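Okay, so here's the structure we're looking at.
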Amino acid sequence: MEPRAAAAGEPEPPAASSSFQARLWKNLQLGVGRSKGGGGGRAGGPERRTADTPSPSPPPPVGTGNAPARGSGAGSRWSGFKKRKQVLDRVFSSSQPNLCCSSPEPLEPGGAGRAEQGSTLRRRIREHLLPAVKGPAAASGAAGGTPPGGRSPDSAPSSSSASSSLSSSPQPPPRGDRARDEGARRQGPGAHLCHQKSSSLPGTACLEQLLEPPPPPAEPARSPAESRAPETGEEHGSSQKIINTAGTSNAEVPLADPGMYQLDITLRRGQSLAARDRGGTSDPYVKFKIGGKEVFRSKIIHKNLNPVWEEKACILVDHLREPLYIKVFDYDFGLQDDFMGSAFLDLTQLELNRPTDVTLTLKDPHYPDHDLGIILLSVILTPKEGESRDVTMLMRKSWKRSSKELSENEVVGSYFSVKSLFWRTCGRPALPVLGFCRAELQNPYCKNVQFQTQSLRLSDLHRKSHLWRGIVSITLIEGRDLKAMDSNGLSDPYVKFRLGHQKYKSKIMPKTLNPQWREQFDFHLYEERGGVIDITAWDKDAGKRDDFIGRCQVDLSALSREQTHKLELQLEEGEGHLVLLVTLTASATVSISDLSVNSLEDQKEREEILKRYSPLRIFHNLKDVGFLQVKVIRAEGLMAADVTGKSDPFCVVELNNDRLLTHTVYKNLNPEWNKVFTFNIKDIHSVLEVTVYDEDRDRSADFLGKVAIPLLSIQNGEQKAYVLKNKQLTGPTKGVIYLEIDVIFNAVKASLRTLIPKEQKYIEEENRLSKQLLLRNFIRMKRCVMVLVNAAYYVNSCFDWDSPPRSLAAFVLFLFVVWNFELYMIPLVLLLLLTWNYFLIISGKDNRQRDTVVEDMLEDEEEEDDKDDKDSEKKGFINKIYAIQEVCVSVQNILDEVASFGERIKNTFNWTVPFLSWLAIVALCVFTAILYCIPLRYIVLVWGINKFTKKLRSPYAIDNNELLDFLSRVPSDVQVVQYQELKPDPSHSPYKRKKNNLG
């Protein structure tokens, strides 16, 4: 048991809290050194510490032996609590905007006895946290302390404009605790700080401790001369002074949370500027810079050392970390302008939504002693996102610092600061905040090492991605009619996205008002309600600050989950639109659907789906072609992407522009997802793409494998093992994924949908110049052309009678065809060719050969891609020869299109896709009958009338060619190779796995 203090006469505190008391005592002493010249109230109380007063020695360690039982010993032992009592009151009350700093109580002879009342740490903490409204506090108020209202007698009344004198040196202002310490030294004991800035205990300053970096090492104690230096008074602008207002203030301190702020600056005038011309005058003008980029330039006032500008500038800033840099120059015609001085304005010291008059002293870093005059400004800082902040994100930010860098009281202080900020944001009274603080101190985790362990675990949990409530996938498609920001009537636009602390930036599209981005970004949702995504469009300017084009927002709570939404957003404060695709996908905590809950397993739902796509409902919603259900079961033998030999795999399922994700299975090479995805089929010729990625918190996800499955090749209800392929789908990679897919569709709707343009996929891999790809496309085109060349050689050989029997047969056939030719014979010949190849296939005489040439070319291309990736990492500056590259890429793509066209015609007659070949047979039969029954002149007449009147009947109809649309559904030889299924390893067979389990 711990010895009792004689003067206190209280029950003994528990032994478990003794170590915490000792640490709290030590931290209170450290807080004294950090809070010199702090808070309001009267200075020089009987026990008040100044820079001249040394800190008392720490109390002796608590043990099991006897301790001195004198009243003086007890009083000195717990004097730290009494001296910091109202400091604690000020700290916790500072979270309420209508509370003021209370003055310290005078110590009375009986004060030690009152401080020692209570038997536990909880009792003592309650006494220090609850504001005293009677007794000593009232007495101190009556004796000349802080009067009602919270202001000391010498404090000036606060004004609405908060006029302040801010003089700056060219060096950036200090940040964090060091800035507060320096401000305390300059202001001295008589200065009065705003209550939001009180920082008596390390780690308990409500907002700075939450949002600022860790404090630097403690500076050496200052001499009495140094501590008295600020009291002698300062010349105007001789040193940097932090903005402070006396008394109570309802203005909010700007948060360091990343966000959009509007800075309205009125450049009023200059006084006593430096003369730079021979006549003893100057032609001054002012530049504003943020982040090294110019954001404003004033007009030139000729021959004046006291210029009056009265110019206004509106600046949008992303964050408040960068100060505003003000530079003054003297304009010289034909020569370099002369420098007249500069100053910094720290944006973090400005109060929100409150006009502030600022006086800046100009300095030259090369000649710091020269008097260069002053600049007068009026500044208003306004948050663009409003006053409400995401409390969840602020709490997450408070745990970013490692527990190795935080002492115990800093963890407690930051935790208190977050909760204080929460109650302040909600506008609740002070009592619930104090109640929370008491409850937290009673928590057993506040004891010894257990608290640090718990804080470390909580920090890790907040950083873990399995706390996501979902994933927001945003596809930035294009911009339309954006505002021209450059002198040439164009812009170089890019877009920024922000959701909480997550930010993304798109690529820059040079010199266009209708950019095509086609980029995709993923955000993590930490709230059930979703949140709001802030979107801003900017114009890139070299050497200057980027111009603001416009902004818009997406409220995720208004969007339904598991669906892809196409949004056309009007830019506010600007011109133009942004076109986005937004998909909300649930995470593991709110699953898409488990294997036990899916549509096709329920017999009633299955019958309803079959009825919806029955042949009787042909003309009901022609765009709804079918229903697709994908069961993502598991994967085995995935590639290890982390240094630990494991991966954090998740699966992405894509059908055209619909994109859904599974949850992440951590530290596993054989993950089991057991999720069911459902899609509405708009085109039966679409390809289902299933990609496995490794999640990486610090950078983009790593590719593990991919498989592409045409919907028409799917066998319903069969669990199948698909070997994962590389990014180009040209060769296998490590791992197998098990899928079970069901497709239900209406054949008539699918056939009609085949004859209209296919849906464009917005996210496609950007083409790049590749020597091997260019060679491959040239060879493909050459093979198609050689078919026609060989046919011409064959006909010419018949004319030359190289083989008399063959030439004679060709001559007789020519006479017969020309004599009896009718137009319907053209589709009839094609029909006979299709029928002939079909009978060859079903009879087992398949003349289709595996295209090994194309496969070899794809393998060579894959090797070259790997080399290009390595070269691109070494040569990040490859921006040369862009014009030649664009031309070569265009030629490369044209060769690809021509070669693909010829290959699609060949594959149509080869029955590569039986559905399309049967559709071609039906179409050719109909076309043959029409040509047989109707004269050609009437067919041509109907065709011409249709073409001439199409725009009159449907002004916005898309001009298309049905034959080309049909051929676009037929895969080329490259796609045939990509869609081929690889034979899995027999060890991965699900049936063998079950047999082994049974055995």
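Yeah, the Cβs are placed from backbone N, Cα and C, and that goes for glycine too.
Same-site candidate for Ca(2+) 6 binding, as annotated by Swiss-Prot with ASP694, ASP696, ASP702, chosen from ASP602, ASP624, ASP642: ASP642. When ASP481, ASP486, ASP648 are compared with the Ca(2+) 4 site residues ASP539, ASP541, ASP547 in Swiss-Prot, the one appearing in that site is ASP486. Matching ASP277, ASP318 to the Ca(2+) 1 binding residues that Swiss-Prot gives (ASP283, ASP330, ASP332) identifies ASP277. DSSP assignment over the domain 'C2 2' (452-569) gives 18 helix, 56 strand, 44 coil. Proximity to ASP694 (Ca(2+) 5 binding site), defined by a C-alpha to C-alpha distance within 10 angstroms, is shown by the following binding-site residues from ASP283, ASP492, ASP539, ASP541, ASP547, ASP702: ASP702. For the recorded site, ASP694 (Ca(2+) 5 binding site), the DSSP three-state label reads strand.
Nearest by CA distance to ASP330 (Ca(2+) 1 binding site), out of the binding-site residues ASP541, ASP642, ASP648, ASP696, is ASP541. Using a 10 Å Cβ-Cβ cutoff, ASP277 (Ca(2+) 1 binding site) registers 14 neighbours.
ASP642 (Ca(2+) 5 binding site) has ASP702 as its nearest neighbour among the binding-site residues ASP283, ASP332, ASP539, ASP702, going by CA to CA distance. Highest Cβ count within 10 Å among the binding-site residues ASP330, ASP332: ASP330.
Within 10 Å of ASP492 (Ca(2+) 3 binding site), counting C-alpha to C-alpha distances, fall none of the binding-site residues ASP277, ASP283, ASP648, ASP702. Around the Cβ of ASP702 (Ca(2+) 6 binding site), a 10 Å sphere holds 16 further Cβ atoms from the protein chains shown. You'll find the Cα of ASP539 (Ca(2+) 4 binding site) roughly 31 Å from the Cα of ASP332 (Ca(2+) 1 binding site).
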